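Q: Below is the structure I would like to discuss, written out as structure tokens.
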Amino acid sequence: MACCCGSAACVCCCNCCPNIKQSTGTRIMYAIYFLLVTIVCVIMMSPKVEKEMRENIPFYDQMCEKSEENCRTLVGYSAVYKVCFGMACFFLFFAIFTIRIHNSTGWRAAVHNGFWLVKFIVLVACCAGGFFIPNEEVFLEAWRCIGAGGGFIFLLIQLMLLVKFAHRWNTNWSSGVTHNRLWYAALAFVTLMLFSAAVGALVFMGVFYTDTEACLLNKVFLGINGSLCLFVSLLAISPCIQKLQPTSGLLQPGVISVYVMYLTFSAFSSKPKEIVERNGVNTTVCVFPINFGTESDKQIVSAVGAIILFGCVLYSCLTSTTRRSSAALRVYGNSEPEIERARCCFCCGDDTDDYDEEKTGGGQNVNYDEREGTIYGYACFHSVFFLGSLYVMMTVTNWFHYDNHKIENFLDGSWSVFWIKMVSCWVCLVLYMWTLVAPMVFPKRFEA
């Protein structure tokens, strides 16, 4: 009750649960809120939802007989826009409310770290309030423009996080090589698997997403992206880079290459289909080769895309604002990886950290790790969630093409999505190349 209705830290009731840091518990709770609303948005875009509502809700047809338009707004793209508008307002308010909080002892920090039931009710009220906004057409058009801008900014944050993740992974595992050679074997194995996946994806797209008579853009961009991945891989192990960054290796370009290949594949799947005439018959070319049923390729890509979407959004929101994550890009010339403790789950906080521990009535113990200072920026954290809300809204509604849209086809037939994802490939590669050459361009800034 103190956790739900008061300022107590979020904990589990069972004392067999492992110790939890106050900062970690808070971020997990906000992530759960975010995930719940995202799942609701995905459900609203399903064409099966309206059918189930019509069949299972008593008197649904009678209620909607005179207000069919209002009933239709409960599902579809307009409902997603309104729900995400409420979630975005919720996180925007907390982003403003938590500006310049430096420790967890003030009343604003107590609101941020507690009162979870109250905040959940407020979040539900915000999402429901979006359905009462007047001038729906004007609102949807204006909110679409705002969502497109905010979603693209979040996509850039996600790409920056990916680059940080690659550097963090390599630095952490490399630190264990001097103490245990098995870490070197693990590093080599994972690197080999990453490049195998990237090369396999490149060959797959070269075989099935190109054609001798069509798909010119596919051929050009496949060659460009493949060449850029090879270039950054060679650059990462070049002597000039190794001299300034001894921890630079092939693991980072392996991660980047796999992600670029995924974005390329997703972009090709999002592009409108091309049709050529062969033997007097119109034939669709450059499509997914496996066919288990009607539009099975779109369903497979949509399912994989949804899984990656949830993973990237939650990981970005949970780690992109931490000080440790921000330090991942500090590739100083004399960095000392031996002070790192190599761990398989290197993304999680180091369990050797020592903080004041407090009993919570026989339940889970809480480490109050922010009494001296905050571990992450509260306002920045909520800002990331605000942009993440816009990104989810635009992704689920297929960015600009939302009319008569269905979740099963949210990666199909849109030049907007194609160019957004293709540009994202290049931005990701440019960001990674900058982390490699920055110490050469500004050597004094990267000195200890």
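Even glycines carry a Cβ here, placed using N, Cα and C.
TrEMBL entries are annotated by machine, without manual review.
So TrEMBL says this about it:
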type     : residues : note
TRANSMEM : 28-46    : transmembrane segment
TRANSMEM : 79-102   : transmembrane segment
TRANSMEM : 114-133  : transmembrane segment
TRANSMEM : 145-163  : transmembrane segment
TRANSMEM : 183-208  : transmembrane segment
TRANSMEM : 220-238  : transmembrane segment
TRANSMEM : 250-268  : transmembrane segment
TRANSMEM : 300-318  : transmembrane segment
TRANSMEM : 375-397  : transmembrane segment
TRANSMEM : 417-442  : transmembrane segment
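Walk me through the surroundings of each of these features.
A: Remote same-chain residues near the transmembrane segment (79-102) are listed as 34, 37, 40-41, 44-45, 73, 108-109, 111-112, 122-123, 125-131, 133, 139-140, 143-144, 147, 150, 373-374, 378-383, 385-386, 389-390, 392-393, 396-397 (criterion: CB distance under 8 Å, separation of at least six residues from the stretch ends).
Long-range contacts of the transmembrane segment (417-442) within the same chain: residues 152, 155-156, 159-160, 162-163, 166-167, 221, 225, 228-229, 232, 235-236, 240-241, 244-245, 248, 252-253, 256, 259-260, 263-264, 266-268, 270-271, 329, 331-333, 398-399, 411, each at least 6 residues beyond the stretch ends and with a Cβ under 8 Å from a Cβ of the stretch.
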Q: Answer with yes or no whether the transmembrane segment (114-133) touches the transmembrane segment (183-208) by the criterion of at least three Cβ pairs under 8 A, sequence separation 6 or more.
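A: Judged by the Cβ rule, the two regions do not touch, with the required three close pairs absent.
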Q: Output the single range from 28-46, 114-133, 145-163 maximising the number of Cβ pairs under 8 Å to the transmembrane segment (250-268).
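A: Answer, by Cβ pair count: 145-163.
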